[in-house]
Amino acid sequence: MARPRALLLLAVAAAALLAAALPGARGFYLPGSYPHKYNPGNYLNVKVNSLTSIDTEMPFSYYSLPFCEPQEGVKDSAENLGELLMGDRIENSPYRFRMYTNESDVFLCRSPPLGPDAFALLKKRIDEMYQVNLILDNLPAIRYTRKDDYLMRWTGYPVGIRVGVDYYVFNHLQFTVLVHNIKHNPEDVKSRKMYDQYPNKIKCDPTTVSMSIKENEPIVYTYEVNFVESDIKWPSRWDAYLKMEGAKVHWFSILNSLMVIAFLAGIVFVILLRTVRRDLTKYEELHSEAQAQMNEELSGWKLVVSDVFRAPSNPMLLCVMVGDGVQILGMAVVTILFAALGFMSPASRGTLITGMLFFYLVLGILAGYVGVRVWKTIKCGDHSGWVGVSWRVACFFPGIAFLILTTLNFLLWGSHSTGAIPFSLFVVLLLLWFCISVPLTLVGGFLGAKAPHIEYPVRTNQIPREIPPQKYPSWLLVLGAGTLPFGTLFIELFFLMSSIWMGRVYYVFGFLFIVLLLLVIVCAEVSLVLTYMHLCVEDWKWWWKSFFSSGSVAIYIFLYSINYLVFDLKSLSGPVSATLYIGYSLFMVIAIMLATGTVGFISSFCFVHYLFASVKAD
């Protein structure tokens, strides 16, 4: 057993910066909840979240390690759907403070002697760089240090460190709680009942390492807490977490996107106002005999007038992908807009994921409507088969998501990670899909079947026109087109990836919403230009190419994800962690491909319809 003196010499402060809500604090704060009232001497209970690591990306329960447990037993906090999907497991902890009562040398507990399994697990978690995440008054703990004139902050603190062959655990925590404008009344805390005092004065030296852990020896945990008055008001208490770093980089990203948009807009302007309008004006000014003679001399896009609206191959699959793309894009726009307006606060953990799921389910009606209406348009007004289209729209992307997430969930289950979705939650998700999304998609499909189809402006010949040999493979140009949309978002993509995989807070949803709008514009312009180029070389098979010319941005995002894994997450350990990363990345890029491809298809369809609506050809 470690002697108390040895323990004190090895103790180290893992300082945590937290902010407590204060009596009398008032203010309108849209993103957060209302302030709690704490009088001097009231208990402040610290909660714990899952242990996390950027080395494995697999969260584990706090009490999976030999930490002190509360006297009243471990109790789970009420968690919403988003928290469960993100792997959060918030539980009570033995750490408790009294409002505005400084405490030191507080003895917490003495763990049982570390058995071989517990000792090996603790060393493994230290090697894997796991962090302890504490929460006070709904604020996560921040570990901070000052380097030169710069204050560096991290959420959570390490389980321990390794020095040579020895392992050390952070068993003494020094908390600093910032309070604002509170009056200290000694009478309110006169008869307080505190935890037992540690028998000796703890001298915590931040320059020394913490307690060395050894097999078959217990760990003694202690803590101290200091309350410091601060001028930080309650509405501003999240500023330390949400402080926007690198605003110039975000503006540069937007400026870069605007330059790409301006370049493509110039091309579209030339196509529409100079080439197309000039050709159509010439054509309309000729009398009927001259038009007939001109038809024989036509070249380029005007030659495919009788084939341009010929039904594509696999039309049902195209309708299904467009319907799912509209649903995903609508979910992204609405969710990010609400987050940018402050309705999805980081104080309400899991609301972002919960909101995305809610909007996705509700927008099933739009997916069914668009998918069936495109199907009816391709079939020239025949809506037979709309039920099959609606069912496929309802099942296509959710089926892909279910396959990927179930496979990854088995890996998490096998690792006993809290990131694994519980079986009961799987049942809930299936019920939400079957009872909300599927019926709404069928209702949308019914409305789409009843809506008038979009009539083609020209007739289609029974015999398809032969496409002349091309100088270069058309799909090569389609795949290359994805570089332009990728160029509009790759800077913002780095911040998103860092937020997801490096545990950094991302809350600049205003920038993200602007980038999303710019991405939609670029995808529409790229697909429009590519469609025109294919029509000019008499390639009338534009349907699928218009979808993938903008949807191919997903390929470059996936390649960027692999690059991020190799160079930024090079500490990621084990095949399970890498598989999880690749699986989630694949799920993300499939959703992006459907959303961006839908934008390209709809813009190209509108362009082609407008273009040939002005052609008078029998």
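Numbers here mean position along the shown chain, with the first residue as 1.
Using the three backbone atoms N, Cα and C, a Cβ is placed for every residue, glycine included.
These features come from TrEMBL:
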type	residues	note
SIGNAL	1-27	signal peptide
TRANSMEM	251-273	transmembrane segment
TRANSMEM	316-340	transmembrane segment
TRANSMEM	352-372	transmembrane segment
TRANSMEM	393-413	transmembrane segment
TRANSMEM	425-449	transmembrane segment
TRANSMEM	475-501	transmembrane segment
TRANSMEM	507-530	transmembrane segment
TRANSMEM	542-562	transmembrane segment
TRANSMEM	582-612	transmembrane segment
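Counted over residue pairs separated by six or more positions, the transmembrane segment (542-562) shares at least 3 Cβ pairs under 8 angstroms with the transmembrane segment (316-340), which defines the two as touching. Nonlocal intrachain contacts for the transmembrane segment (393-413), taken as residues 6+ away from its ends with a CB within less than 8 angstroms of a stretch CB, comprise 58, 319-321, 323-324, 327-328, 364, 367-368, 371-372, 419-421, 426, 433, 437-438, 441-442, 445, 576, 579-580, 583-584, 586-587, 590-591, 594. Counting Cβ pairs closer than 8 Å and at least 6 residues apart in sequence, the transmembrane segment (316-340) and the transmembrane segment (475-501) reach fewer than three and form no contact.
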